[in-house]
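Novice: TrEMBL lists these features:
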- 12-30: transmembrane segment (TRANSMEM)
- 36-56: transmembrane segment (TRANSMEM)
- 63-83: transmembrane segment (TRANSMEM)
- 89-107: transmembrane segment (TRANSMEM)
- 119-138: transmembrane segment (TRANSMEM)
- 144-164: transmembrane segment (TRANSMEM)
Amino acid sequence: MEWLEKIRSKFILSGLLLIAIGVLVVWKPGMVFNGIVYLVAAYFAFMGLLNLYTVLREKPRDASAYASGVLLLLVALGVIVLAKTIVSIIPFFLGLMVLLAGIRQLRQELALNKVNQGRLSWLIFGLLLCIAGVVLMFNPFRSVLLLFQFFGGILIVYGISQLINSKDL
């Protein structure tokens with residue numbers, strides 16, 4: 001029975017942690033996103049500095065030994081400088097795909113309307129897809145933050161389910 005209490009404790013702890021992270025993501029998505037960017041950049045910078053420190057201690061004859069450390073430092077800088085640009089490209093292409101799917105849906109429903117087989121609900125759905133695609137394409141960073149907030153909501157729900165499941169053990 002002691003192992004059951006350990007499992008229950010882990011469920012409760014993970015549930016509370018997921019809820020806390022989810023609330024933070026929903027409440028301050030930009031701050032959490034920037035924090036993740038800085039953590040990734042710090043990791044690359046740390047690995048680069050560690051590599052350079054090791055190379056300096058060994059005093060190699062070949063200058064190329066410094067390359068991986070310098071490259072990792074450049075990657076860290078690139079992550080900080082280009083993170084928003086890279087992340088904002090993804091919703092643009094996703095928006096383009098959604099827009100094209102919406103246009104296809106609209107064309108299909110308009111063609112079906114000509115033979116009295118179209119449905120208004122699918123026409124509205126196609127229009128909504130087009131609108132969502134345009135929003136994703138022309139407001140990419142806000143779209144990413146909105147998706148990030150949705151992810152935070154999922155974390156909250158999952159955390160609550162962990163707490164509920166801990167009571168069933």
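In case you wondered, yes, glycine gets a Cβ from its N, Cα and C as well.
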Novice: Give me the stretch from 36-56, 63-83, 89-107 with the greatest number of Cβ pairs under 8 Å to the transmembrane segment (144-164).
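Specialist: Looking at each of 36-56, 63-83, 89-107 in turn, the most contacts to the transmembrane segment (144-164) are made by 89-107.
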Novice: Which sequence-distant residues neighbour the transmembrane segment (89-107)? Criterion: at least 6 residues beyond either end, Cβ under 8 Å.
Specialist: 122-123, 125-138, 140-141, 143-144, 147
